[in-house]
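As written in Swiss-Prot, here are the features:
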type     : residues : note
TRANSMEM : 15-35    : transmembrane segment
TRANSMEM : 54-74    : transmembrane segment
TRANSMEM : 87-107   : transmembrane segment
TRANSMEM : 112-132  : transmembrane segment
TRANSMEM : 144-164  : transmembrane segment
TRANSMEM : 166-186  : transmembrane segment
TRANSMEM : 205-225  : transmembrane segment
TRANSMEM : 269-289  : transmembrane segment
TRANSMEM : 334-354  : transmembrane segment
TRANSMEM : 357-377  : transmembrane segment
TRANSMEM : 400-420  : transmembrane segment
TRANSMEM : 428-448  : transmembrane segment
Amino acid sequence: MPKVQADGLPLPQRYGAILTIVIGISMAVLDGAIANVALPTIATDLHATPASSIWVVNAYQIAIVISLLSFSFLGDMFGYRRIYKCGLVVFLLSSLFCALSDSLQMLTLARVIQGFGGAALMSVNTALIRLIYPQRFLGRGMGINSFIVAVSSAAGPTIAAAILSIASWKWLFLINVPLGIIALLLAMRFLPPNGSRASKPRFDLPSAVMNALTFGLLITALSGFAQGQSLTLIAAELVVMVVVGIFFIRRQLSLPVPLLPVDLLRIPLFSLSICTSVCSFCAQMLAMVSLPFYLQTVLGRSEVETGLLLTPWPLATMVMAPLAGYLIERVHAGLLGALGLFIMAAGLFSLVLLPASPADINIIWPMILCGAGFGLFQSPNNHTIITSAPRERSGGASGMLGTARLLGQSSGAALVALMLNQFGDNGTHVSLMAAAILAVIAACVSGLRITQPRSRA
């Protein structure tokens with residue numbers, strides 16, 4: 001077990017610690033993406049309808065969003081290492097439960113439990129990176145983390161398709177078992193403990209319940225809207241969400257260490273970074289959901305061509321994210337974020353202005369701009385969110401980072417559904433235009449951070 005370090009772990013312990021983070025976050029992100037590809041197969045095998053099989057995906061996402069902040073708070077209480085190891089155990093066992101499921105109900109329950117395990121991993125992974133890396137190299141750690149998330153998100157469908165071509169859908173989950181065991185052994189050997197703190201915060205159960213209801217109802221309503229559910233049901237969910245949310249926020253304002261980190265949101269640099277994150281992930285999801293419809297329906301490209309034309313975006317993000325991690329050590333995150341998001345907006349506007357029959361190269365280079373711009377923004381923004389919070393509140397900052405990402409992505413997907421319902425085939429153009437405008441707004445908000453002092457790890 002590594003000793004507590006004042007400024008990061010020494011080598012080679014640092015390599016072992018970051019490896020367990022890489023494996024854990026890869027599994028959590030991949031399992032959010034691979035199930036989509038397998039839904040038709042799962043529905044057929046378990047004798048379920050396509051509509052009901054969507055809950056295999058929804059259950060995982062909802063479980064994550066309702067528990068992220070609670071697990072991050074528990075990380076501040078009991079240590080990020082302990083929560084991470086518990087998350088690995090839950091994720092490993094629930095993956096086995098998923099593979100052994102013989103009904104849709106059983107699989108959905110297993111996915112809920114797996115979502116809680118994934119939330120435990122996501123809630124403290126960036127807080128752990130803050131403990132693993134020395135202050136001067138923290139940007140590189142954030143760059144590696146952003147790189148892994150980008151690779152996992154992009155590779156998820158491909159990995160799922162490869163596994164399904166040679167094995168049953170159960171192996172999508174069984175593959176997590178050996179990986180989880182390796183990650184757990186590495187975590188027990190290399191992950192550092194939290195530093196000592198003067199007092200331990202108290203976990204407030206009513207806050208956790210209200211947090212789950214508020215964010216769970218919001219994500220359920222957004223997902224339901226995107227899937228064309230009853231507007232009456234969606235409106236009822238939103239009304240209950242608002243009522244519970246008001247009581248939730250009022251309670252947080254009265255607590256010395258709140259579950260929803262309103263204390264951190266009072267820090268201008270932190271709140272501006274969270275706002276930038278929500279807007280940028282909303283813009284990203286608006287584009288990524290609408291682009292396949294645009295390429296196939298409007299431009300007449302095949303499914304294979306669509307996949308190839310979309311590939312430059314995640315590839316550019318993967319290349320740029322580690323580079324941005326190095327740049328944050330020298331350039332203000334607000335400037336890097338603004339520049340990256342303006343580049344992303346330029347790529348999106350270029351896609352909006354494409355002619356009726358564009359050459360492939362004229363689709364590819366805007367995709368590269370979008371991916372490179374997003375990669376230039378993401379690592380510095382994550383770095384700022386974590387380092388603008390006090391060290392003892394790193395868990396709260398890490399949980400808020402993940403929550404902002406999920407809220408942005410869910411909102412973006414719902415907006416695409418709205419645009420397609422309102423504007424038909426033109427909805428893809430409107431969605432891309434909305435994404436570009438949101439990217440500009442996010443760039444402007446990021447630019448406001450330049451007036452704030454640079455965060456210190």
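Even glycines carry a Cβ here, placed using N, Cα and C.
Contact counts against the transmembrane segment (269-289), taken as Cβ pairs under 8 Å, peak for 400-420 among the stretches 54-74, 144-164, 334-354, 400-420. A Cβ distance under 8 Å defines the sequence-distant neighbours of the transmembrane segment (166-186), meaning residues of its chain 6+ beyond its ends; these are 16-17, 19-20, 23-24, 26-27, 31, 34-35, 38, 41-42, 45, 85, 88-89, 91-92, 95-96, 98-100, 114, 160. Annotation: stretch 54-74 has the most Cβ pairs under 8 Å to the transmembrane segment (87-107), among 54-74, 144-164, 205-225, 428-448. Among the stretches 112-132, 144-164, 428-448, the one making the largest number of Cβ pairs under 8 Å with the transmembrane segment (54-74) is 112-132.
Same-chain residues lying 6+ beyond the ends of the transmembrane segment (400-420) with a Cβ under 8 Å from its Cβ atoms: 61, 64-65, 68-69, 72, 119, 122-123, 126, 215, 218-219, 222-223, 225-228, 261, 264, 274, 277-286, 288-290, 293, 382, 385-386, 427-428, 430-431, 434-435.
The stretch from 112-132, 144-164, 428-448 that makes the most Cβ contacts under 8 Å with the transmembrane segment (15-35) is 144-164. The list of residues near the transmembrane segment (428-448) in space but at least 6 beyond its ends in sequence, with Cβ under 8 angstroms from a Cβ of it, reads 272-273, 275-276, 279-280, 282-284, 286-287, 289-291, 293-294, 297-298, 334-335, 337-342, 344-345, 348-349, 351-352, 373, 377, 381, 412, 415-416, 419-420, 422.
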